[in-house]
């Protein structure tokens, strides 16, 4: 996993906690100081800062941030400061609520995290919400959407590189038959998508492309634009080419009337320590503008400063 560039003179977590406490003191909050610390610490360092802050000041750092900050800047800082599994659990919970319902986020979490990361998300979800992620997904979805999403969040995929080429050929043929029949929610179609390793699925879809002359998502797109097929295509992209999915989320968040701050914040805070360099390359290739410049043009103030710092161009 890639980590943020951290200056060689990074202070001890005790010093960071003290500086953050100072940022909250006095007449106004020192947002620049908060950014200069938290935006330049990796996940393990942020976790240590939180522990030291709680022990020293008898207050959860997240609660202190919540009291001091507001709006999109607060959301970005809060999401970034959370442990990755806690953050995903929170995002998943938000995605099942009536007014913030977003099945795309559930697909992202289920399909772009490793098997162990997804397992930790589900542990964090149970600890925080006293119910299982599967329980909430089942409760808040129905029909074909539930049929796809429930096994996606329930699976524990094999993570290795071993591939069975005979199986890839036979399952490519099966997928092609189901697409030809427009049986997009067929049990076998969903079984292949939700249980096979990413390496095996990649081999299957490569064979599909080579044998039948089209990528499977192109065939799916030609047929319909309903919510289930959109989600199905998103799942396939997240499993096989995640940077392409996240580039699209960012492009739609930035390049329309009114910024989708929620989508923008989610991608930056969840992918900065994972595959942001690949996402930036994909964004530049697709849009002919560097991502950090596009973000800076579309945001302002402390929110802009936080996002640009996370994108790697704000080192102190």
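Counting begins at 1 with the first residue displayed.
Each Cβ is built from the backbone N, Cα and C atoms, and glycine gets one as well.
Some features that TrEMBL has for this protein:
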- 24, 26, 28, 68, 254, 256, 258, 296, 299, 304: Ca(2+) 1 binding site (BINDING)
- 298: Ca(2+) 3 binding site (BINDING)
Least Cβ-crowded entry, counting other Cβ within 10 Å, from the binding-site residues listed as 24, 28, 254, 298, 299: 28
Which binding-site residues sit within 10 Å of residue 298 (Ca(2+) 3 binding site) - Cα, from 24, 28, 254, 258: 254, 258
Cβ packing number for residue 258 (Ca(2+) 1 binding site), 10 Å threshold: 7
